[in-house]
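> Pasting the feature list from TrEMBL:
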type: DOMAIN; residues: 5-92; note: domain 'Pyrroline-5-carboxylate reductase catalytic N-terminal'
type: BINDING; residues: Asn52; note: NADPH binding site
type: DOMAIN; residues: 155-258; note: domain 'Pyrroline-5-carboxylate reductase dimerisation'
Amino acid sequence: MEREKVAIIGAGVIGGAIACAISDDFQVTATRRKIERLSPLAERGINITSDNDKAVSEAEVVIISVKPYQVIPLLKNLSNGLKDKLVISFAASINLDLMQRVIPDSRVVRAMTNIAVQVKEGYTVYSCGKNVTDSDKNVITKIFEDMGEYEEVDEQHLDVLTAMAGSSPAYLYTVVEAMIYGALQVGLPRDLALRAAAWSVIGASHLLLSSGKHPAELRDMVVTPGGVTIDAIYALEDGKVRTAFMKAIRDASLKAQRLARDACDEAERQLGKEN
Ligand SMILES: NC(=O)C1=CN([C@@H]2O[C@H](COP(=O)(O)OP(=O)(O)OC[C@H]3O[C@@H](n4cnc5c(N)ncnc54)[C@H](OP(=O)(O)O)[C@@H]3O)[C@@H](O)[C@H]2O)C=CC1
Ligand SMILES: O=C(O)[C@@H]1CCC=N1
C-alpha cells in the first residue's frame with residue numbers, strides 16, 4: 001500500500017524528531033532553509049528540500065514545526081498550496097482560531113509534544129479544528145501513535161500542557177543532573193549515578209501510571225521510618241522544592257498564554273493592514 005505523504009516544514013529539533021519517528025509508516029519530506037543541516041535525515045531515507053511550496057504541493061498532510069512567531073507569516077505564504085490539506089501545527093501558543101483565519105480552506109490541528117519523540121516515547125496532546133474529518137482523525141492518530149502516547153484534549157488546556165508536557169523533559173533533566181551531582185559529591189561513579197537516576201525516573205513513572213495511586217501515597221511507601229529517604233525528603237522540603245516546581249509550571253503556563261496573546265495581537269495588526 002502507498003504510504004501517505006507528509007511534509008514537515010521546519011525540521012529542526014522537534015520537526016526532525018517527528019520526521020524520524022514516522023518515517024517507517026509515512027513518506028516524509030522535511031524542509032528547512034539551512035538544508036545542509038538536514039543530511040542526518042537524508043541518511044535515514046527521508047526526502048529533504050528547502051522548497052516549502054514543492055514539499056507542500058506533493059503532500060497530503062503538512063506538519064508545521066517552525067518557531068511560534070514564524071507560523072502565521074509561513075501559513076500566509078503557503079496558503080494557496082495548503083488549500084484542502086490537513087495541517088498539524090506543533091507550535092506553542094498559536095491557537096486554532098488564528099491559524100484557521102489565515103488558512104480557512106485547510107483542516108487544522110494544534111498539537112503539543114515533547115523531545116522524547118526522538119525515542120518514540122513522546123506524549124502528544126492535540127485539538128482539532130471544526131472541519132477536521134473522521135478520516136483525518138485516523139491519519140492523525142497513526143502519526144501520533146508513531147511518536148509515543150497521545151490524547152485529544154480541549155484546546156483551552158494546551159497552553160498549560162505546553163508547560164507540563166512540552167517543557168517537562170527540561171525540568172526532569174535539571175532534577176536528574178542535580179541528583180547526579182549529589183551522588184558525585186559522595187563519590188559514586190558518574191555513569192552509575194546517571195543510570196541510577198534515569199532508571200529510577202522511568203520505573204517511578206511506570207508505577208505511577210499503572211498503580212493508579214496518588215504520588216503522595218507512593219512516596220510514603222518509600223519512606224521507611226527512621227530510614228534513609230526521609231533525610232532526603234527533609235532536605236528537599238527545606239529547599240522549598242515543591243514551591244519551586246509549582247512556580248515553574250505556573251510561570252511557564254503564563255508565558256505560553258502571554259505568547260498566545262502577543263501572537264493574536266500581531267496577527268490582528270497584520271490582517272488589519274491588509275484590509
Ligand atoms: N523543542 C521542543 O522540545 C518542542 C518544540 N515545540 C515547538 O516546535 C517548534 C520548533 O521548535 P524547535 O524544534 O525547538 O526549534 P528549532 O529552531 O530547532 O526548529 C525550527 C526550525 O524551523 C526552520 N525554519 C524556520 N523558518 C523556516 C521556513 N521559512 N521554512 C522552513 N523551515 C524554517 C529552522 O531552520 P532554518 O533556520 O534552517 O530554516 C529550524 O530548524 C516551536 O514552535 C516550538 O514551540 C513543540 C514541542 C516540543
Ligand atoms: O520552550 C518552548 O517554547 C518549546 C515548547 C515546549 C518545549 N519547547
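Keep in mind that glycine also has a Cβ here, set from the backbone N, Cα and C atoms.
Thinking about packing and proximity, how do these listed features fit into the structure?
Shown in sequence order, Ala7, Ile9, Thr31, Leu74, Asn77, Leu78 are the residues of the chain, 6+ apart in sequence, with a C-beta less than 8 angstroms from the C-beta of Asn52 (NADPH binding site).
Mean model confidence for the domain 'Pyrroline-5-carboxylate reductase dimerisation' (155-258) is a pLDDT of 98.
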